[in-house]
């Protein structure tokens, strides 16, 4: 069909008016009309190659025109996209909102710090109250709480350490400390208790033996503080 159309006698006929304007643009410069009159083209006839080239040129020009209509103008601004929703991070303790997870983490760290300070303050108050209670029990002596009782004098103590120290006093008194204290309390013995405190195994009810010192060979002098005067029995004269 295309060959028959190309070889038809209408090709030798003068070019229609529609193709004359296109032929002007084809032979001359683009966008400018030739100065030659239209009658000159009417008298000319197109060859087969020129006709095919003219048809292709018209088709290409028509396609470019439709493409320009479909494309939007470059001067128009692109459509604005809606802003993305900002993520919100809320604190589970005080319900405060933050824009980032890092800010929320720093805020939670302050909560943990304040909680640790409060807990340590509560522990200090508890230890102080327990110390006051212990001191009150040990100062009272005869309080209602008797956790540690001495088996010798039946005194009560708040802690086992205090009871151990108290029993140590009992043991040291048996070894020699108690002898010195009992001798010092007696009125009859007086200052001789300091001399006799180092001796062991004697009865306190028996008065001490007076001490004598030799002065100038034969003179006997009694101690300055005798416990009791000695009596001498002399035989009667006949």
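Cβ coordinates come from backbone N, Cα and C, glycine included.
According to Swiss-Prot, the feature zinc finger maps to residues 89-111, out of the candidate ranges 66-88, 89-111, 112-134.
Per Swiss-Prot, the range carrying the annotation zinc finger out of 33-55, 148-170 is 148-170. If you look at the zinc finger (89-111), there are no same-chain residues 6 or more away from its ends with a CB under 8 A from one of its CBs.
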